[in-house]
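Undergrad: The domain 'BAP29/BAP31 transmembrane' annotation in TrEMBL covers 1-131. What TrEMBL lists as transmembrane segment is 5-27, 47-67, 104-121. The coiled coil annotation in TrEMBL covers 141-237. The domain 'Bap31/Bap29 cytoplasmic coiled-coil' feature in TrEMBL is assigned to 183-238.
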Amino acid sequence: MTIQWVAVATFLYAEIGLILLFCLPFIPPQRWQKIFSFNVWGKIATFWNKAFLTIIILLIVLFLDAVREVRKYASIHTIDKSSTSKLGAYEHTQMKLFRSQRNLYISGFSLFFWLVLRRLVTLITQLAKELSNKGMLKSQAENTNKAAKRFMEENEKLKRILKTTDEEYTLETENKKLVEDQEKLKAELKKTLDALFKAQSDVMTMKTQSERLSKEYDRLLKEHSELQNHLERDNKKGL
């Protein structure tokens, strides 16, 4: 195996190892996201796309070269098999055909796993971001629920305060109304007492006048009796 194919085979083994490492179930995507966030990856990120395209081009070239070699030695193998050549030449052609097929598989799987590896890294990064966003959304939802509960409690407190304020306002209004009614009753009572005092004064006046009239009537009766007696005595004397 030449140096280039040793390098491609080593690259293939490294790809398989990385893919198996990325597929380990006990390493969460967040851990890979932290590893991908190292400063060293940020420094080589500018060269990553160029290196990725360069490796793809090299692998495609090697794959096409391997396809060409396979087709070349496959046609020679058909010709040698149909002809009566030496056994050593036939075995040599078989060996080169096997190497070409081996190189075809190595380059083909290297190209395929390289694309898979790139896609796998992208999916792990996206999954880690989604999980992080999920955690943030969950935290925001919990904070929103707590805020909603706190607002509901404050709303209940405000309702109780408003209810108490309304009751106090109602009591104050009723007290004012009672005070006004009491003032009206006091005014009416004063008017009634004044009327009573006036009626009592009128009664006393009428009683005084009645007593005077009674005395005057008694006096007049007395005078009338005296006059009548006097007239009777005068009549007796004249006879």
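FYI, residue positions are counted from 1 along the chain as it appears here.
Glycine residues also receive a Cβ, built from the backbone N, Cα and C atoms like all the rest.
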Undergrad: Is the transmembrane segment (5-27) packed against any residues at least 6 beyond its ends, judged by a Cβ distance under 8 Å, and which are they?
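TA: Counting only partners 6 or more residues beyond its ends, the transmembrane segment (5-27) has Cβ contacts under 8 Å with 59, 62, 103, 106-107, 109-110, 113-114, 116-117, 120-121, 124.
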Undergrad: By DSSP assignment, list the helix, strand and coil residue numbers for the domain 'Bap31/Bap29 cytoplasmic coiled-coil' (183-238), in that order.
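TA: Helix (H, G, I), strand (E, B), coil: 56 helix, 0 strand, 0 coil.
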